[in-house]
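Below: one structure, written as structure tokens.
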Amino acid sequence: MKLRLKTAAAKGASAPKRKLLILAILLAASYAACVCAGSLILSLDTVLLGILGKSDSQVKMILETVRLPRATTAVLAGAALGVSGTLLQGTIRNPLAAPNVIGITGGGSLFAVLFLNYFPDGGTVFLSLASFLGALVAAVLVYLLAFKKGVTPIRLILVGIGVSSVTSALTTLLLSKSKNAAVDKAYLWMVGSVYGADWNDVRLLLTWFSICFFFSMAYSRHIDVQGLGDEVAAGLGAHLQRHRAVIILLSAALSGGAAAVVGAIGFIGLIAPHMGRRLVGTEHIFLLPASALIGALILLVSDTVARTVFLPVDVPAGVFTAAIGAPFFIYQLYRSRNQSN
């Protein structure tokens, strides 16, 4: 009997693992296509020779200074946003939860525009720090305002929507009073773009994502327990409020870290968890890496389309993620309403 149970469990785990492997292969193929595509189309052989330093100087420069860091940044930022949305949806137990919906992205945008308004020549490093700080401040504010003898998922989502509305209004007010140069920079940042990414961005994102993803995976079982409901989770001995606070901070850290480099790219944190659940189920030990791979794939493909379809114009990747995400959000609202009825 025990042997049968172990065999069934092994079979149950092998299917998500196979799907994760397929996602990883698909991401690798998309990465290769992304690096090859552009105003100068390169063959895969040329790219490999360029990486090995055996191609001409022009190809080497294009790969090392533009395409490779840009594609790698898109992968890391998309993965961070996918995991961030999964953490939020898991702990809030709401399929519409995402960093841009509950005010975390809005906090980053507000602080970034505030920085650009008063320090237009402050540099990208300090802009990134301002954005990251804003995301964390917004997350803490949402948690504190929702706290009343503990934090419930419904209060978190309602307070988050309120904070998002306030940050959006304040950001618009700041933009209306900003100088033209600051407005242009702020617009590009708020839409979200991978344009201009370099190896410093890659190193920053890789370090930050690796740390946050490690702790997210460590909390995967706690998120599964929270999915059973607050009363059941508390009955099982879970430290509900402490775990929820840590998970929300992890989500804010991931989305804030991504926004610090690529700007306020929206909807990836909403779409990736839904697609991940359809593929690998609801166990977060599989769902978190699946959402990371899907988020990376969405942003990588969006950026590739944005910079190649409308040549010589480099359209911000956030335009394409919004074009996909907004209808998806409306569909989820409609689906949730029908389920409640």
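Cβ coordinates are placed from backbone N, Cα and C, and glycine is handled just like the others.
Positions annotated as transmembrane segment by TrEMBL: 20-51, 71-88, 100-119, 125-147, 154-175, 202-219, 246-272, 284-302, 309-334.
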Per Cβ pairs under 8 Å, the stretch of 71-88, 154-175, 246-272, 284-302, 309-334 packing most closely against the transmembrane segment (202-219): 246-272
Beyond the flanks of the transmembrane segment (125-147) by at least 6 residues, Cβ under 8 Å: 99, 102-112, 114-116, 119, 155-156, 158-160, 162-163, 167, 189, 204, 245, 248-249, 251-253, 255-257, 259-261, 263
Spatial neighbours of the transmembrane segment (284-302) far in sequence, C-beta under 8 Å, 6+ residues away: 16-17, 19-20, 23-24, 26-27, 30-31, 34, 71, 74-83, 85-87, 90, 194, 213, 216-217, 220-221, 223-224, 262, 265, 268-269, 271-273, 275-277, 317, 320-321, 324
